[in-house]
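Before any comments, here is the structure.
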Amino acid sequence: MKLRVVILAAGKGTRMRSELPKVLHKVANKPMVEHVIDTARSLKPDAINLIYGHGGDQLKQAIAGDDLTWVEQREQLGTGHAVQQVIPHLKSSEKVIILYGDVPLLTESTLIKLVTASANTSLGLLTMTLAEPTGYGRIVRNERRSVTGIVEQKDANAQQLAINEVNTGIMIADSDKLKSWLEQLSNDNAQKEYYLTDIVAMAAREGINIATAQPDNAQEVEGANNRQQLASLERALQQRQAEELMTQGVTLIDPARFDCRGKLSAGSDVTIDINAVFEGNVVLGDRVVIEPNCVIRNSVIGDDTVIRANSHIEDAKVAKGCKVGPFARLRPGAELADEAQVGNFVEMKKSRLGKGSKASHLTYLGDTQVGEYANIGAGTITCNYDGVNKALTEIGDGAFIGSNSSLVAPVAIGKNATVGAGSVITRAVADEELAVARGKQRNISGWQRPQSKKGT
């Protein structure tokens, strides 16, 4: 049987107090609705319908995918009304899963449980059991434990309020039955809205066995209606990712102070200290050490490398046995070969540091290719930009660049060449040559400092 996923994403999110549609607020640096879409895609459905309303243009700009069919809900008249907009898209003999764009922690495994539980019936509900169910719609069952309906908190009697099995809103239904039930929905209630939950009682009256399944963790089905709940979801997702990494053998010095805002792959015996932030796709090799307060984005870090505190790495490749930082910045296109070292207040962009080479402090390397076992002295600057164009600096194997040197690109420093401290190099330096380009020192005997003129 074919599978369709319908995602409700039309809500304004007034309590967010934001111009941004609620579902575009981010958890782990990704819009909530994008988390939901990714989970839906993991099921490999035949179709995904995204129901939008408030901020539709913003939503379409932020979320892309050829597999998405956009369905507009011009008026927000309840969850049932939202799903009614999908009726023209429904095909016979489909299973239809209904999800919510502000419930980002739902997992593939939970949805598979729901699909499996409802395989032989026309309706399945994802429910959960709570010690404190206040605020949720209760799942009403008869003496045979069959689901007969859902009663909202405000409508429940004392006996129903004692029920601790609650509705999450997530369900799966046969398309033909769903269409029939949706067409029967009424807004004859105080809010004058069409409630999707009303189809449960319809199914029960038809004698349909309503299946149920529950998530492994109640946090999976929590939504965000305000900033506090958004922060709670953020911390819950970070804790989930931290648990997964520790299960795989990663040491997290404090899991409560860990942030992964993308995908992190780690080898064996990796250690991550506090307040490290990982964004995009990051790969850490075996025995990598990440010290406190580092930000690593879309980068690969090789085996036995140490990233010292307060370093920032983006779109970079760091090979085996390297040392980076503290307070180093590797910008896009930076590459370190095996055993290279970049120290404090060193910045690299579109540059490669060869095997065993060092730039230990206070250096800028832009559009630079450094060979093996070269030494870049403190304060070295590659002057790669003339105001219009960028130019390349080449530094050969074994070269030694003295402190406070400026290398004006395009320029090449040969193998085992030496540049004297304080030099401004504008022409090529041949292999094994010494280049000194600085003003001649002049010492003046008997010179006196200026004296203060009193009364002025």
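Note: Cβ is positioned from N, Cα and C throughout, glycine not excepted.
Note: His361 (active site, proton acceptor) has non-local neighbours Gly343, Asn344, Phe345, Val346, Ala378, i.e. same-chain residues 6+ apart with C-beta under 8 A of its own C-beta. For His361, the entry in Swiss-Prot reads active site, proton acceptor, with the evidence type sequence analysis.
Marked as UDP-N-acetyl-alpha-D-glucosamine binding site by Swiss-Prot on the basis of sequence analysis: 8-11, Lys22, Gln73, 78-79, 100-102, Gly137, Glu152, Asn167, Asn225, Arg331, Lys349, Tyr364, Asn375. The DSSP secondary structure for Glu152 (UDP-N-acetyl-alpha-D-glucosamine binding site) is coil.
Among the features that Swiss-Prot reports, Mg(2+) binding site is placed at Asp102, Asn225. DSSP assigns Asp102 (Mg(2+) binding site) to coil in the three-state reduction, placing it in neither a helix nor a strand.
Every protein chain shown contributes to the tally, and the Cβ of Arg438 (acetyl-CoA binding site) ends up with 13 other Cβ atoms within 10 Å. Summarising the annotation, Swiss-Prot assigns acetyl-CoA binding site to Ala378, Asn384, Tyr385, Ser403, Ala421, Arg438.
According to Swiss-Prot, the feature region 'Pyrophosphorylase' maps to 1-227.
What Swiss-Prot records for 228-248 is region 'Linker', and it gives sequence analysis as the kind of evidence. Summarised as a single figure, the pLDDT of the region 'Linker' (228-248) averages 97.
Annotation source Swiss-Prot lists region 'N-acetyltransferase' at 249-456.
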Candidates Asn225, Tyr385, Ala421, Arg438 (binding-site residues) - the one closest to Gly101 (UDP-N-acetyl-alpha-D-glucosamine binding site) by CA: Asn225
DSSP three-state assignment for Arg331 (UDP-N-acetyl-alpha-D-glucosamine binding site): coil
Inter-residue C-alpha distance, Leu8 (UDP-N-acetyl-alpha-D-glucosamine binding site) and Asp102 (Mg(2+) binding site) (nearest angstrom): 9
Inter-residue C-alpha distance, Ala421 (acetyl-CoA binding site) and Asn375 (UDP-N-acetyl-alpha-D-glucosamine binding site) (nearest angstrom): 12
Asn225, Asn384, Ser403 as binding-site residues, winner by CB count within 10 A: Asn384
Arg331 (UDP-N-acetyl-alpha-D-glucosamine binding site) to Arg438 (acetyl-CoA binding site) - Cα separation in whole Å: 31
